[in-house]
Amino acid sequence: MQFAVIGHPIAHSLSPMLHETWLKAAGLFGCYTTLDVEGDGLEAFVQKVRKRQFDGINVTIPHKSAIIPFLDRLEPAAARAGAVNTVYWDGEELVGANTDGTGFARALATWTNAKNSLVIGAGGAARGIIPMLPGHVTVMNRTNQTAEQVAAEFGQSAVPWSRTLDLTPYDVIINTTSVGMAPAIDQTPIELTATTALICDIIYRPTPTRLLREATANGLDTLDGVLMFVLQAAEAFERFTGHKPDIALGEQVIRKQLEES
């Protein structure tokens, strides 16, 4: 069995370690690699997949939306999000799925106060997460027009970008941008003032991000990107192989690797 994650850049991905851990635990013989695919090479790569050179692929920035025209059909969540992070075979069809939202929803399941959420960013991950959130969602993005478009698609609202936004209305705040990831590891997308919200960051390298460190220092509850990463990967793995992976094992392996790197 041959699997891969594609993106540009892609060298930072921990997906190979996670999926190969699960393959071994399931007694399956397979290989999972990272492939740096630039935009103009995406269609040619999908043609390789169609020749059964791969049994499944994961998709990350910047291809989550760009890959859609090259697939046969989309799962409902991917169609709603307009973004794909998993491509798998269903018979002779290449199917696009989006497990970002369900992965985040499972990670958030123990938090019962999610009635008014702020989502920072309006890219593929945000589009996957927004429809899975309970209650009202407000979208904030550096390009306000994009925030308004994405919010309107899901019947939600948008606010103009501001690092000093009044956070008092929100009980959950989710960073879906790359702010906090290298090379911007010393930056945060917002200033955490006058809030009691759960602070979430989908970034898993580094962990915790500066945003989460500041949240902890302020006595706030936090949710890092590791569990979401593992849960969305687990849903992809099940589509690829038909096997349910060990979530605890996956989280343990990833956290250990992050601590050592």
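Don't overthink the numbers, they just go from 1 along the chain as shown.
Using N, Cα and C of the backbone, Cβ positions are placed for all residues, glycine too.
Taking the Cβ of Lys64 (active site, proton acceptor) as reference, residues of its chain lying under 8 Å away and at least six apart in sequence are, in sequence order, Ala83, Val84, Asn85, Gly123, Gly124, Ala125. Look at Lys64 (active site, proton acceptor): DSSP puts it in coil. Sequence annotations record features per position, and here Swiss-Prot assigns active site, proton acceptor to Lys64 based on sequence analysis.
Residues or ranges marked as shikimate binding site by Swiss-Prot: Ser13, Leu14, Ser15, Thr60, Asn85, Asp100, Tyr204. Over all protein chains present, the Cβ of Thr60 (shikimate binding site) has 19 other Cβ atoms lying within 10 Å.
The NADP(+) binding site annotation in Swiss-Prot covers Gly121, Ala122, Gly123, Gly124, Ala125, Ile202, Gly225. DSSP classifies Gly124 (NADP(+) binding site) as helix under the three-state reduction.
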**Fill in**
Cα of Ser15 (shikimate binding site) to Cα of Gly225 (NADP(+) binding site), in Å and rounded, measures 13
**Request:** Give the sequence-ordered list of residues that share a chain with Gly121 (NADP(+) binding site), lie 6 or more positions from it, and have CB atoms under 8 Å from its CB.
**Result:** Met140, Asn141, Asn175, Thr176, Thr177, Pro189
**Asked** Any idea of the Cα spread of the shikimate site, Ser13, Leu14, Ser15, Thr60, Asn85, Asp100, Tyr204, as a max distance in Å?
**Response** 16
**Prompt:** Per 10 Å Cβ neighbour count, which of the binding-site residues Ser13, Ser15, Asn85 ranks highest?
**Reply:** Asn85
